[in-house]
Amino acid sequence: MTTSRYLPLGALAAGLLVLPWLLPNSFYLDLAIRMAINAIIVLGLNLLIGFAGQISLGHAGFLGLGAYASAVLPTHFGWPPLAAMLAGMALTGVLAALVARPIFRLKGHYLAMATLGLGIILNIVVRNEAQWTGGPDGMPVLPFEVAGLTLSRDWHWWWLVSALLLLSVWMAQNLMDSPFGRALRALHGSEVASRGVGVDVAGYKVAIFVLSAMFASLMGSITAHYVGFVTPNVADFFHSIELVTMVVIGGMASVYGSLLGAVLLTALPQLLATFEGWETVVFGAILMLCMIFLPKGLAPTLAARFGKGGQ
Amino acid sequence: MLAQFLQFLFSGVTVGATYALAALGFTLIYNASHVINFAQGEFIMLGGMLAVFFTQAGLPLPVALLLAVLLPALVGVLVEKLAIEPVKGAPTVSLIIITIGASLVIRGLTQVWLGKGTHSLPAFSGDAPLALLGATLLPQSLWVLGVTALVVAALWGFFNHTLLGKAMLATSFNSLAAQLVGVHTGRVLFLSFAMSGALGALGGVLVTPITLTSYDVGIMLGLKGFVAAVVGGLGNGLGAVLGGLLVGVLEALGAGYVSSAYKDAIPFALILLMLFFMPQGLLGARNTERV
């Protein structure tokens, strides 16, 4: 709890507060909301990738699970949106734990393979069960309402997402300085050494993976309610890759790097829209160039250049 | 009953041979560099698309096919030179993202150049199906299986009986030790990407007359090739071939007997089961880690 941590957090809060007044129209507010949503997801994923050193190539599957829980349960079964959101998180948590338990007994990048498989299976299920999910065309999502209050206007969502973002940043920083976070960083450094000093390596990895998956599910629900519509694309392999890319380009194990990565990669498709047909090529080239010339990611590289601690 | 089973088996083995070639490509690159090359599927796509392009441009079939295999090998070399070599020793996740970036560039360029349409290629020796125990077999399936078998045999000979092949094997076991006895490991990496590109493209060329092709078929084919490599035991060549055939056959049987809508989910369910119960794969060695 040092001032150096609260300074950037305060600056972030101030930025989030004034931003809506600086944006010229609702198109930009919509973009800002989607950036903030992605930032929260990426923060959760970065806990797994950056701090525990494990890759998930199926995070969009968890996002999709949350999104479809919030779409299907209220529409077909009359569940209140909040209950559907929590049910999605619980389901995601159970599924993530079931997959992670056997995987984390192994050393190596088996989680990447397992999450890749799981993510693709979830996407195929959503595409095929058309009577519940609308199939490839997707389905509308009922508005989010709690205790008679309905979130409908863009700026309602902006305040909600901003508050969640601040909370996530604060939580991520605290988590990393807690005994739990220190154990995670230790096992990233050397698993054998951390096991030697009594860290339950597999247990901690499962815990951070489940936490990160539930984070994704929550944000999937929020995205679904915000957009008002959900399609299987939310859960596809390419989206998983986009999320991992945001983590790596922003900077692994860097909280503010996650925000930077999310902001840049959410904006990128908008900027590339002018390239007409060449979007995929340019996007791929940017990914490669970033990894070749900025292997540590943007935030740590910038921090090193300006000699400041970019935690 | 038997006829139906045979029919599923034939189509499974045919597609499985393509997965096997892709899985061999994964294995080659993984052994040389420990990179999991997510651009592998794009080599398959390139093989099919280039074969279509060159035959439509009026080249005779053998020339078109040869070019369609050689050009992707060149692309493989370019990927290695431009994107993998400069970042030697980077963490796995960075390498994964680089190969994914490469796959996007290849796919995007193909889409810009050859469009979004679906294309077919004429079968190499006619479409008249052969009858076998009540089931039918396309002549093209025989091409796929025959050429794959030849390639596997040639690779086996290459790795066991030539100096270069043995040098590549030595590099995969211990790169530093191989370097110390005079193996040029940089050239091994280069060759692995070239061979991997050619193998993937060959699979694409062979199977396109049966399955059709378009600029975006590479993702799924590549991922299934990856599953095959893991199922066989990542890093094991024979395992990759077995894994490819197994994935192809299970997929065809699943599509025939269970549900064709969930056909694509079968390889990925298989990889989860393998990781839970047999993480070293069918033929993979158990790894012990030294501290």
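Just so it is clear, glycine is given a Cβ too, placed from its N, Cα and C backbone atoms.
Whatever TrEMBL says is automated annotation, not expert-curated.
Per TrEMBL, the listed range annotated as transmembrane segment is B:188-213 (candidates: B:162-187, B:188-213). If you count C-beta pairs under 8 angstroms between the transmembrane segment (B:225-253) and each of B:6-28, B:61-79, B:130-156, B:188-213, B:265-285, the highest count goes to B:6-28. Most Cβ pairs under 8 Å with the transmembrane segment (B:61-79) belong to B:188-213, among the candidate stretches B:6-28, B:130-156, B:188-213, B:265-285.
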